[in-house]
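What TrEMBL says about this one:
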- 1-224: domain 'tRNA methyltransferase TRMD/TRM10-type' (DOMAIN)
- 112, 132, 133, 134, 135, 136, 137: S-adenosyl-L-methionine binding site (BINDING)
Ligand code: ADE
């Protein structure tokens, strides 16, 4: 997979990609992530990328021309499956959306900033709009990092144990069951017997029951 991220703040985004699973995915050649600073496509001597909104009102808007220049350059080099715009009024990210995106080859992710981007960018270039939740961030950068993390960990070969993404919370619309590690007894708090029994079919059944119980208690909306 190749991900091209267009942003006015590349420095805000780079560190999550240089640690842990995302770093390993890059090292293994399973994903390529490229950052494009919108200012490199700015117009005029002032490296302008944003301007006041027509009709008045507080807040700057990212201009169409630098974004068009950047996207056009990328599209001339390869085909893209999706051009995703991170915005609080997009579709709320779910595991299902991440699963779907993880099957794509080439993605562009556009990060909004200030009041967002000129609507014509959304109308003409963007194929999908994603929000990471009903709250407003200062820009789309952290949201894009969240999206990339949730997608990249699903790429085959990224996680050591291939099955571990399949047992994540939200896969199958269930929360994950409780997990325990050593010691089996700590200050009078014991790990459920069944997990120490070695009876794997029974353990599997217990996990399924606990996953359902937990989902009923915490997120009954997932079961509807
Ligand atoms: N940009 C600002 N807030 C956001 C959010 N909640 N999700 C995605 N992009 C955003």
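A Cβ is built for glycine as well, from the same backbone N, Cα and C atoms used for every other residue.
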Which residue among the binding-site residues 132, 136 has the fewest other Cβ atoms within 10 Å of its Cβ, if you could check?
136
What span in Å does the S-adenosyl-L-methionine site cover, taken as the longest CA to CA distance among 112, 132, 133, 134, 135, 136, 137?
16
Conformational class of residue 133 (S-adenosyl-L-methionine binding site) under the three-state DSSP mapping:
coil
For the recorded S-adenosyl-L-methionine site, enumerate neighbouring residues of the same chain (Cβ within 8 Å of the Cβ centroid of 112, 132, 133, 134, 135, 136, 137, site residues themselves excluded), in sequence order.
88, 131, 143
Taking the Cβ of residue 112 (S-adenosyl-L-methionine binding site) as reference, which residues of that chain separated by at least 6 in sequence fall under 8 Å from it?
62, 85, 86, 87, 139, 140
Binding-site residues close to ligand 1 - of 132, 133, 134, 136, 137, only those whose C-beta is under 6 Å away:
132, 133, 136, 137
Enumerate same-chain residues with a sequence separation of six or more from residue 133 (S-adenosyl-L-methionine binding site) and a Cβ-Cβ distance below 8 A; give 'none' if the list is empty.
92, 93
Number of Cβ atoms other than its own within 10 Å, given for residue 135 (S-adenosyl-L-methionine binding site):
7
Measure from the Cβ of residue 134 (S-adenosyl-L-methionine binding site) and count the other Cβ atoms within 10 Å, all protein chains considered.
8
